[in-house]
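Just below is one structure, and these are the notes that go with it.
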């Protein structure tokens with residue numbers, strides 16, 4: 001220990017700890033911490049691991065539900081009962097800062113890490129989704145980031161053998177230097193095969209399994225807990241390096257090891273590596289049984305590089321590693337399974353009953369820390385920051401009169417916007433059909449759906465967030481993120497079940513950012529309570545800022561929602577696109593129309609306006625129930641919600657998103673409003689709570705009857721045609737298209753915007 005640097009306040013501050021936190025550490029230990037102990041505390045008390053600036057707010061979210069098998073934060077991921085002795089494990093997490101400095105590996109290891117969280121619970125990953133944000137595609141650096149992130153996600157997922165079935169991608173200037181890479185994994189497990197991330201049972205051996213430990217990723221958790229800057233490029237060593245083929249072996253070996261019954265507890269080594277897995281598993285054991293702890297000997301840890309210090313071994317975030325607590329006397333069964341798969345499994349310590357995390361290296365005790373003092377809910381600090389509302393300084397749009405506009409040209413221009421245009425270039429790089437459970441190709445249903453083999457059921461899943469709405473109105477925007485996710489799932493015929501979230505915000509020490517965070521969480525909570533979709537867990541990513549106009553600017557607040565839903569009978573699945581000519585087109589929902597927050601307003605007037613669209617959560621809940629009922633009774637042939645771009649874009653997407661079955665439409669919108677901008681609002685408003693369905697003409701009466709029962713306005717606005725597309729308002733044509741015109745505008749605009757030929 002004498003070779004370690006002298007620990008003092010200055011060194012602690014260099015590790016991201018403040019004076020008060022350093023004093024608390026000294027008080028807990030009753031002495032000055034060793035250098036290794038300082039490193040352990042610095043990562044465990046970082047924002048990334050401790051949630052110290054967010055946990056007080058997160059505790060206000062609904063976390064109870066009849067179908068939940070674990071509460072938020074109890075385990076590596078949420079666990080939801082779906083009947084037939086099956087449960088869904090699912091979670092979403094961010095890998096933003098690593099992807100900003102090393103996009104390929106940053107994104108790839110984000111995929112690997114979230115899948116490990118799922119299979120360490122005993123579940124087999126069956127699908128993944130993503131939610132991505134980048135700056136303007138005009139920026140060469142942004143194009144480099146997009147290319148690296150998309151390839152990283154695709155290469156890791158394809159090699160690992162889990163389909164990437166859905167996601168979203170948006171472009172806004174505020175993400176130029178700070179992209180967001182949020183990845184969600186979904187897995188299935190039989191109830192009796194689940195595993196807890198808990199260390200208990202004095203004398204039970206502790207094993208490290210998987211890849212050897214190197215110097216990659218050291219202080220990755222701390223890196224994720226600070227602002228990005230030009231100097232962040234120097235922190236490429238903080239970005240881990242992934243190996244999907246090693247993870248595939250680790251997956252199969254782990255599920256087989258669990259089947260032996262010899263595994264007591266299991267946790268992924270993600271952020272903070274060996275430090276977080278030992279301390280968190282110890283703390284859970286203490287909480288559940290009253291005593292626990294772990295003692296390890298780092299000399300037994302397989303190291304990738306010579307001369308690694310205790311500090312480096314404890315803080316390394318080398319990928320494809322896990323910590324296992326085995327039943328004493330049966331560890332050889334686990335080791336034999338991993339050996340069969342050519343995966344390392346080594347006993348490095350044991351469970352104790354003195355409530356300590358004890359680390360030995362070269363015959364010395366280099367760390368001896370009360371385990372609960374390290375973790376969220378234990379000794380880790382909790383802060384409530386100042387929150388001050390700061391209204392966006394975006395001007396209201398000065399709308400021009402409808403009669404001066406070319407609505408055909410505007411509609412085609414809107415379809416070619418990167419935020420709306422086809423994302424085929426992205427999802428064609430992902431294998432969405434591996435495992436043969438995916439029901440429809442990407443983009444043909446409002447939420448991805450996979451079949452649950454051995455049953456008639458389907459599992460729907462979606463990620464959603466319109467960050468612009470949250471920027472304009474954090475509370476309403478947070479609620480809309482949940483509402484649209486649930487609406488998308490209900491459009492497939494599935495009932496929304498539960499939520500995981502990934503909360504991406506700026507610096508929490510800035511009062512206006514903390515206000516955005518608190519308000520968005522309040523909106524999310526309101527929506528989840530209304531829909532009975534509890535929060536099962538997730539991730540908070542602060543310190544997301546970019547350099548714009550010579551200063552530091554926070555990203556748009558982006559509380560990404562990941563949601564799952566259950567389709568009782570896969571035969572009742574409803575697709576997004578028109579199914580057959582002659583069907584009636586019905587618009588469900590009739591909110592007051594506004595252009596605030598819309599893509600059209602940004603495109604045409606250079607401002608998002610002054611507020612988000614309004615959201616009526618009671619209406620949304622009834623709309624979800626209606627859609628599920630209509631699907632179960634087979635009364636509708638398609639359903640697609642009205643969102644980005646408004647009704648004109650929704651109709652176009654229903655026409656062209658299925659390239660093998662493109663159909664047209666004739667729509668006539670009734671409008672009693674006499675104002676001179678009514679047509680713009682009819683076509684391009686992103687007012688919430690609306691869905692366009694197509695229905696056999698003979699079933700329209702039954703559909704309207706069901707809608708009336710739930711107080712959902714519904715009216716026929718047109719019909720599906722074999723070819724051509726037209727929109728009229730009050731009988732007056734305002735836009736007519738050939739299907740090929742819609743497809744040309746929508747189909748390859750993203751590739752053109754990204755100048756892919758230059759990559």
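Glycine too: its Cβ is placed from the backbone N, Cα and C atoms.
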Site co-member for ATP according to Swiss-Prot, given 51, 91, 501, out of 16, 122, 538: 538
Listed in sequence order, residues not in 51, 91, 501, 538 with Cβ within 8 Å of the centre of the ATP site Cβ atoms: 58, 72, 92, 93, 500, 502, 503, 535, 537, 539, 540
Cα proximity to residue 94 (substrate binding site), best match among recorded positions 48, 117, 268: 48
Distance check against residue 501 (ATP binding site) for the binding-site residues 117, 268, 539, keeping those with Cα within 10 Å: 539
Farthest-apart CA atoms of 51, 91, 501, 538, residues recorded for ATP, distance in Å: 17
Residue among binding-site residues 94, 96, 539 with least C-beta crowding, 10 angstrom cut-off: 539
Cβ atoms near residue 95 (active site, proton acceptor) (within 10 Å, other residues, all chains): 32
Residue 539 (Mg(2+) 1 binding site) and residue 48 (active site), Cα-Cα, nearest whole angstrom: 8
Among 51, 117, 538, 539, which are recorded as binding-site residues, the nearest neighbour of residue 95 (active site, proton acceptor) by Cα: 539
Assigned element (helix, strand, coil) containing residue 317 (substrate binding site), judged by DSSP: coil
Helix, strand or coil at residue 96 (substrate binding site) [DSSP, three-state]: helix
